[in-house]
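Engineer: Once you've had a glance at the structure underneath, I'll fire off some questions.
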Amino acid sequence: MLARKSIIPEEYVLARIAAENLRKPRIRDRPRKARFIAKNGACNLAHKNIREQGRFLQDIFTTLVDLKWRHTLVIFTMSFLCSWLLFAMMWWLVAFAHGDMDPSTENPSNSTKWTPCVTCVRSFTSAFLFSIEVQVTIGFGGRMMTEECPLAITVLILQNIVGLIINAVMLGCIFMKTAQAHRRAETLIFSRQAVIAVRNGRLCFMFRVGDLRKSMIISASVRIQVVRKTMTPEGEVIPIHQVDIPVDNPIESNNIFLVAPLIICHVIDKRSPLYDISASDLALQDLELIVILEGVVETTGITTQARTSYVAEEILWGHRFVPIVTEEEGVYAVDYSKFGNTVKVAAPRCSARELDEKPSILIQTLQKSELSHQNSLRKRNSMRRNNSIRRSNSMRRTNSSLIVPKVQFITPEGSQSASET
């Protein structure tokens, strides 16, 4: 992360970046492939030339839920506003047809008593206000229905039915958008990088998954798919060929108990698409590993799904995740600051096929790692020993320099007296 302008001058930052780029040139042998699944789980897919657009209107509720929030709020507001205006026009027509708009009906004579369809509806504004009162059941009391016009009663019943339908659809749409399953998936996190290392004598592909909330995901399961471009023996090109790979899980039900961050492991065996890939071949591979985590939200009972993917550049060969769960005062604590941290470990650079054919490669790799570890320990101990000897010698020199020499004084009588000053 770059420093702020107020702390480090911009010229120094730019010069440092240029120097780093000169030291480490970035040369790409091939153009970077587009991801099928982004790191945040979004599908990198664009639908074009869809001719049957009417199918979206047949499932109008799902279409409204899938819209963006700004479009949903505009439709929510316009649906109520248009219904109020529509029925305001109907109330105004009813009042106009019955003669309630006639000025002579405001002060009727004593001989004839005029009864309007709706009291105090003299203009379109008053009809609009009455329409709002009917649909949202406010009822201020200034305008009310009478039994004079059967048509007005029919309009009242129709507006109530239409208002209930609009309320049910739009409020249900708003509720479903706020309670969508992918909102819960925002707190399900994956490690930024995956690793390949030796576990139980086998090469394994591993990544870490965790849940930031205390409410758990029930019946959580993890699936891994490899997406790559392949060609059949008949010459057919499959641009997105999906292959399921097994996940090593000691539980028979294949469900995980995601109470704390877990390291999901895939053993690279004969069934794995990574079986013939070595450390040197990994950077040249045009593949993408998609991870899918599914489960039921404990609080709402809605099924949620979290996704991510790992390309070849994001897979570290010969690394292992550091432990992040510790026991502190009788409580298991999780340090999420180390969630994606890895350390280098001894791992053969060959493929899993070569490792199965020659098991001695693993033994030689482990022996070399043990020897290098012992040599590093010896060097470290020798350096500590030398440092301690140097410190002791320096302390002796300083103590010897602090010793005060004895000085002899000669008195006038000729006697000598020695004293220390």
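Every residue gets a Cβ built from N, Cα and C, even glycine.
The following feature annotations were taken from TrEMBL:
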DOMAIN    37-180  domain 'Potassium channel inwardly rectifying transmembrane'
TRANSMEM  73-94  transmembrane segment
TRANSMEM  151-175  transmembrane segment
DOMAIN    188-358  domain 'Inward rectifier potassium channel C-terminal'
REGION    372-397  region 'Disordered'
COMPBIAS  384-397  compositional bias 'Low complexity'
Engineer: Over the domain 'Inward rectifier potassium channel C-terminal' (188-358), what does the predicted model average in pLDDT?
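Structural biologist: The predicted confidence over the domain 'Inward rectifier potassium channel C-terminal' (188-358), as a mean pLDDT, is 86.
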Engineer: Could you tell me how many residues in the domain 'Potassium channel inwardly rectifying transmembrane' (37-180) are helical, how many are strand and how many are coil under DSSP?
Structural biologist: 87 helix, 4 strand, 53 coil
Engineer: Over the span of the compositional bias 'Low complexity' (384-397), count residues by DSSP class, listing helix, strand and coil in order.
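Structural biologist: Tallying H, G and I as helix, E and B as strand, the rest coil: 14 helix, 0 strand, 0 coil.
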